[in-house]
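Student: Handing you this structure, nothing more for now.
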Amino acid sequence: MCLYSSSVPGRVRVAVRLRPRNAEESVADADFADCVELQPEFKRLKLRKNNWDTDTYEFDEVLTEFASQKRVYEVVAKPVVESVLDGYNGTVMAYGQTGTGKTYTLGRLGEEDTADRGIIVRAMEDILADVSLESDSVSVSYLQLYMESLQDLLDPTNDNISIVEDPKSGDVSLPGATLVEIRDQQSFLELLQLGEAHRYAANTRLNTESSRSHALLMVHVKRSVKGRELAHSSQNGNSTNMAKSLRPTLVRKGKLVVVDLAGSERIDKSGSEGHTLEEAKSINLSLSALGKCINALAENSAHVPVRDSKLTRLLRDSFGGTARTSLVITIGPSPRHRGETTSTIMFGQRAMKVENMLKLKEEFDYKSLARKLDIQLDKLIIEHERKQKAFEEEIERITTDTQNQISEAERNYADAMEKERLKYQKDYMESIKKLEEKWMMNQHKLCERKDQTASTAEEVAELKKLLSKETSLRKAAEEEVNNLKSQLAQLKMSEASANSESLKLRKMLEDEAYRKEKLEGEISMLQTQLLQLSFEADETRRRLDRGGPGKVPGDLDSLISQVRPQVNDSVNEEKASIANLFEQVGLQKILSLLEAEDADVRIHAVKVVANLAAEESNQQKIVEAGGLTSLLLLLGSSEDETIHRVAAGAIANLAMNG
Ligand SMILES: Nc1ncnc2c1ncn2[C@@H]1O[C@H](COP(=O)(O)OP(=O)(O)OP(=O)(O)O)[C@@H](O)[C@H]1O
């Protein structure tokens, strides 16, 4: 499962490499100029159409016949190798006519002279130098595609390898191909030699040449992303080692595909016949399918005929896919092969227009995590088993110890029990003996008491008699008491009724007393009012007596004369009534009213006393009753003018007499 994938546009890069003239060409074409002229500084190639006309083509790199293998690697393959190390897929491919140097460019081992090392050897050197063999892995498959049959060059028996394409990612894989892990350059070189030997043998068997098949080397580079891992773990500084070990490693998977294509010469020119013709057709089929795909991609055509051949299916990621692709087209200088050279150049020109979308291939390495966990689990199981065994042994030891202790304790307990039993048995026997002695003694005492009991029985009979007598007496007394109690109850009942009667009478008496008091109050009030009326009448009378005819207006004289007899009569009546009152009320009572709270009562009282004091017959009685003293006190204590005046008159009358 791809975890992170960032897409970067990346056009197919194309370099053209010119092979130097070989011995044959030096002779045969001695009088002729090369069919191409290279201008590497302008990255241009001029193709001579004839003696006076040339076509000019531009490439990403133009490598002359003098270009070193090192330079070719650096401009053609190194950027791709670096991408693979960064986690991208990459393709380096050589295309050209037979004998133009495709294998020389890609596959020279440089055993005699390291300067001759081709792209494959140099790429692996760079890869091995960059990876860490502890955390990363490099593995290789080596295959040959011959007439639509994919053969494993590392396992010649495996000659029909199927191509599997991931419909989602478009990744192409060959699950049936042998995959050999590379740990050093030497083993890789040996592997390449082995593959070449197998290729030679296969081709001999098939009666063909290596130039008639396509060779593919696939290098899988899997790298754990340490930087990310470190950053991640530093964010979780407190995480435990166990948690760390359970975290899957992030890995980048880059795949480098190096393709040495079969020669691209035309069938008609090769003059092939029979099997060779079929072979040439097959090669042509796959190369022309590749050409068609590249054309379609260059023209942004909607349909790319990838499925037309196994070669295009194998290279679908390299053209229009996610890989960084670098194509080196190889050409010879001979004007005799101008046609093939032109065709090769045109192929390269179209390939330059193909745009890929480079995608980073990163994923979590769950497989290695699972492996790691398996190892950890095995360790834990072994540890657990070891501990379990130790535990069981410990349990056994403890059980044996405990059983021994229990046996010991049981023995001790049995001994102790026996001792206790004997002790209690002895104590028991002694107790029984003591009890028997006691019982004997008691028996003896009992016999003695039996004699005493006989005399006691007579006394008891006597006492019983007395008791029955006492009982009958007590019963008679109780009856007497009950009688008395019933009499007492009757008496209490009659007393209660008498009490209620007396309460009623008492209430009636209280009511009568209250009424009497009320009536006395009313009488007193009426007497006071009567006194006042008497006094006023007396006053009126006196005024009439003092007035006389001279002081009364003329018209009044006659009136008085008419009235006087009537007045005198009424005065006499008044006098009689006052005297009468005096007798009825009592002098003491009248004098006590001089000290009444009410001012009006005091005024009336003083007027009555004055009126009485005016009569000589009363004066002696008034003085004796303390009336003079009462009047003097009233005079001293009151500020009322009428009281002053009337009291003074009364005092004068009493004083004169006294
Ligand atoms: N740049 C070069 N410098 C010197 N010699 C070269 C160069 N390129 C190719 N040769 C030589 O030319 C010959 C043919 O080269 P090579 O086998 O690599 O061609 P090819 O394209 O792989 O042919 P085929 O398609 O038949 O495999 C070899 O002898 C090789 O050494």
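Keep in mind that glycine also has a Cβ here, set from the backbone N, Cα and C atoms.
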Student: Can you check which of 303-341, 381-419, 537-575 TrEMBL lists as coiled coil?
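Tutor: That would be 381-419, per the coiled coil entry in TrEMBL.
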Student: Taking ligand 1 as the reference, state which of the binding-site residues Gln97, Gly99, Thr100, Thr103 have a Cβ closer than 6 Å to one of its atoms.
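Tutor: Checked binding-site residues vs ligand 1; flagged Gly99, Thr100, Thr103.
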Student: Helix, strand or coil by DSSP: which one applies to Lys102 (ATP binding site)?
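Tutor: Note: Lys102 (ATP binding site) is helical by DSSP.
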Student: Is Gly96 (ATP binding site) helix, strand or coil when read with DSSP?
Tutor: strand
Student: In the structure shown, which of the binding-site residues Gly96, Gly99, Gly101 has the fewest other Cβ atoms within 10 Å?
Tutor: Gly99
Student: Name the residues of the same chain, 6+ apart in sequence, whose Cβ is under 8 Å from the Cβ of Gln97 (ATP binding site)?
Tutor: Gly263, Ser264, Glu265, Thr330, Ile331, Gly332, His337, Glu340, Thr341, Thr344
Student: When the number of other CB atoms within 10 A of each residue's CB is tallied over all shown chains, which of the binding-site residues Thr98, Thr100, Thr103 has the maximum?
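Tutor: Most Cβ neighbours within 10 Å: Thr100.
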